[in-house]
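Sequence annotations record features per position, and here TrEMBL assigns domain 'GST N-terminal' to 5-84. Marked as domain 'GST C-terminal' by TrEMBL: 90-218.
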């Protein structure tokens, strides 16, 4: 375990979970050392820092590791509380933000993975599920600029990294996010106007190349 002072992030470029942490750190203006992990040959530091799940992202702050992306984002918000609050001060609103971030956590990634892993009837079922998820989130967003209103916050940080995967979802499962959830697409554009998001999210075409690599690796054609 590193005992150095400062902030280090163990991450992988295409991970939406790592991107959450990078966006939160950027919003707070926190300088940190970024270590890109090879997930097929995980570093000793990663295995020591997250011995339970052995997954990225891991934030190491003054030698102490914090794991799981939403927990890390909350830690960042509480540790650097003097700038750009991500969670509301009102307890009820804070609970609601955590609920919707948890909804994104439990629904979007798993369903999105089905869209490129499955075929035929199973893929059609996953497509229907993803459309329902997006429309539920769109209803929660309503006519607001961000999920928390005019302030970019916790739910936005949790969800926006997945927007760079939308092209892959659409291409693999033959549907249009803009057709089924136009307000989500508009929200994503608002988020991309923020430097923290624009500089963090990868090109959707690069994400699709990575998905194609995974499909080939796992023999999914």
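Backbone N, Cα and C atoms are what each Cβ position is placed from, and that goes for glycine too.
Automated prediction, rather than curation, is the source of TrEMBL annotations.
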- So, by DSSP, how many helix, strand and coil residues make up the domain 'GST C-terminal' (90-218)? 102 helix, 2 strand, 25 coil
- Task: Note the mean pLDDT of the domain 'GST C-terminal' (90-218), expressed as a whole number.
- Result: 97
- Item | Secondary structure composition of the domain 'GST N-terminal' (5-84) [DSSP: H/G/I, E/B, coil] | 30 helix, 17 strand, 33 coil
